[in-house]
Structure formats: C-alpha cells, structure tokens
C-alpha cells in the first residue's frame, strides 16, 4: 500500500499494521521494522529517545525546552497539518503534535487536548467493522452479492477507507457494478422510489465516482430537487444534505427548510433530524454563497450537547452516532461534550450483534468523519460510465459483440427504450432478452 491510515504504522516493506502492534516484541511487519524503531539505544519505556539517540525523561517531552540538544523533543509539539511526523511517530488526535508510535495506548497521556489513550480499542474495532461490511457480500449470485443496502455499504466503506473506489480496487468495482444494476432496476420499476432512497443512491454514486447528474441520461440531482421543491411544510434535512454534498445550487429557502426541520419537535426521531439539519446547514455555509447565521449554528450544536447522558449516550446508539458526527463540525465536541464516553458507547455497542444501519452511522465516527465527508473529491479520473460498470457485473468474458436491444410502443415509436449490451459471440436473441430482464422486471 502506498499510504497507511492514521491508526496504522507503515513498515519498511510497505505493509500497514495497527499502531498498537508496534513495539510489542513481535515482528508484525515481517521485516522487523516495527521493532527497530523502538529502543535503538535501549532507552527505558518511561524515557523519550531523542532523534540523536539521547535518552531523556518522558515528562520533559514538549515542555518547551530543548532537552535533547537536537530539538527533537519540542520540534513536533505544535505543528501545522502540512508537517509530516518522523518515521515511527504518529499524529495526536488533535492533529498538532507527533509522538512515538509505541506511546499509543500504553497508559500514559502524551497528547494535549485529546488523549491518545482514548478508545484504544477503536483501531481494532474499525478494522473489524470494515471487515464485517466486506463480509456482507453473498456468495454465488453475480447480480445481488451486496444486497439491497448496497448504497449504504458503499458510503460506509468509503468513509472507512477512501481507497475503496480507487483504481484497481476489486471490491469497489464489484460494488459499483451492483450499484448500477440495482439502481437501473429500481428506476425501471413501476413503484416510485422514495426521496430518502433516491438521496441514498446519490450519496453512493458520489463516493463510487459515478455522476448522479447523468445516470443513463437521468439527472437524479434534478429529480431530487424537484421533489424537495414540491414538498409540503416539512422537508427531511437528509435530502438537503445530499443535494448540497452533490454540489446542487443552495438557496435561502433551503436554509429555511433545514431550520424548520430542526425545530419540528413533534417529529419522530427528532434528535436524529436535528443532527442531520445541523450537518446540512454546515454544508450550505461552507460550500455555497448562501448566508448562514454561524451563531445560530453554534447554538444548535450546543443544544445537542445537552442531550448527552452521563454514560455517554444520546437517546440511543444510532442517535449517539449521528450527534457525534454533527459535533465534529468546528470541533464542537471539545467543550461540554464527553467524546471519550460517546466513542466508548459506539465501540462497545459494535462488539456484539449489530445491524447494518447502526454500523453505517457508527463507522464514520470511529474514523472521525461524518456524512459531510460524502463527496466525489477523492475521484482521480472521469466518472465511470454506467455501461462499463453494468457490463462488469454481467461478467462477460471471452470474444464478445455489441448488441442493441430496443423495445417500443406504436408504429411511430413514440415511447421506446434501448439497451446497449456486450454479449458473447453466437448469443441468441433469447440471451439478450434474459440479460435485459435482469435489469428491468417489466421485460420479464
């Protein structure tokens, strides 16, 4: 791997291992580089080894003085985001300090503001949770491996690892292919797709590097906007968040809609809606020219903090995850909110049985991300063509030919639809009909 996650140590051979496995006495890297960075000059565990090899008391680290003589005990104590940590060091949760990686989860508090000892099990939980999502893939079926929640799985895996939909990632290719197949199938059904489901698909297309404005000539952003404009007194703030994440033009009316949703106390799952409303407002504020009262936004965030119970929860598991996502805005969790307890609630809750919905909301939190991180900014190339993604899920190998299959009504073809398929050479018309039927139930 060319890059490891923040909770991982990069071995000299390029392999990534969990930070908690560094300096544990075992060769976890396979080249012993995770042990070579530990105590090259046999400093004691309660000492700090300077980059020049000198050992000083650990309590002198970042005390403002050059105790090492080479400045290495203060050089990385207050750094900007552009400064890289030295090899074998990790960045503190607040992002402004680097510490030796073997100090993580050793019982000593070495980072300021947010301790590196908080939720030391979370790297393991994150890795296990990502693995749990990957195991959602069903064996056998080529067209329904990831199930009907593939849109949520796509978003969760992207927020856990932004390389999921990178070039050459087979998991991302599989999910992208089924996402295409499933969405085509849903759009072809007579039953109208709900606005909530449409927004979920838009989010999934964004992270999968596919264009929701041109999905088989359907502009899904435009359709969701049309529904929002036609809605009554209440608009689900998740719809506004999806439109904003997708780069749709925001308006002052959208701010009013989101604010009204925040104030709708009689609605079920009110606190969940408030958290989503805050994220939508933050998106509008940061990604559009529409004015948002930042004081109102801060007041909303402060009100959410008051919902936290002493044990760290906010109403229930799912609400705790959503509220914590919202409180990442402006680092609001740093004051009047017990982030450590909230993270522990989520980590503990995911150790046992879990629903996909709970995991979908919790995994971003464990990676210090939120639904505001659902964008296509990570995409490095042109959006994947829907035909290409669909063709991969049909798993056509060997010598092929292109077939255009059309269905229309009336002699003048006033209503019609055409599919462009890549079929095996010597395929029959019946093979083409069966392939189209997999996409569109109305063709069965």
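Backbone N, Cα and C atoms are what each Cβ position is placed from, and that goes for glycine too.
Note that the coordinates shown come from a computational prediction; the quantities given were computed from them, not determined experimentally.
Taken verbatim from TrEMBL:
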DISULFID  4-16  disulfide bond
DISULFID  11-29  disulfide bond
DISULFID  23-38  disulfide bond
DISULFID  43-55  disulfide bond
DISULFID  50-68  disulfide bond
DISULFID  62-77  disulfide bond
DISULFID  105-120  disulfide bond
DISULFID  244-283  disulfide bond
BINDING   272, 316  cyanocob(III)alamin binding site
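Annotated features, which come from TrEMBL, shown on the structure.
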residue	record	DSSP (3 states)
11	disulfide bond	coil
16	disulfide bond	strand
29	disulfide bond	coil
50	disulfide bond	coil
55	disulfide bond	strand
62	disulfide bond	coil
77	disulfide bond	coil
272	cyanocob(III)alamin binding site	helix
283	disulfide bond	helix
316	cyanocob(III)alamin binding site	strand
Residues satisfying Cβ distance under 8 Å from residue 244 (disulfide bond), sequence separation of at least 6: 250, 254, 280, 283, 284, 287, 288
Cα-to-Cα gap, residue 62 (disulfide bond) vs residue 4 (disulfide bond), nearest whole Å: 26
Number of Cβ atoms other than its own within 10 Å, given for residue 272 (cyanocob(III)alamin binding site): 21
Where residue 244 (disulfide bond) sits in the secondary structure, as DSSP reduces it to three classes: helix
Minimum Cα separation from residue 77 (disulfide bond), reported as the residue among recorded positions 4, 16, 29, 68, 272 that achieves it: 68
Disulfide-bonded residues compared (16, 50, 62, 77, 283) - highest count of Cβ atoms within 10 Å: 283
Neighbouring C-beta atoms (10 Å sphere around the C-beta of residue 11 (disulfide bond)): 22
Residue 16 (disulfide bond): nearby recorded positions from 29, 50, 68, 272, 316, Cα cut-off 10 Å: 29
Number of other Cβ atoms within 10 Å of the Cβ of residue 4 (disulfide bond) across all protein chains: 16
By Cα-Cα distance, the member of recorded positions 29, 50, 55, 272 nearest residue 4 (disulfide bond): 29
Candidate with the highest Cβ count within 10 Å, taken from the disulfide-bonded residues 55, 68: 68
Close in space, distant in sequence - residue 29 (disulfide bond), Cβ under 8 Å, 6 or more apart: 9, 11, 12, 13, 15, 17
Neighbour tally for residue 316 (cyanocob(III)alamin binding site), based on other Cβ positions within 10 Å of its Cβ: 14
Residue 316 (cyanocob(III)alamin binding site) to residue 68 (disulfide bond) - Cα separation in whole Å: 49
Neighbouring disulfide-bonded residues, C-alpha within 10 angstroms of residue 272 (cyanocob(III)alamin binding site) - of 50, 55, 68: none
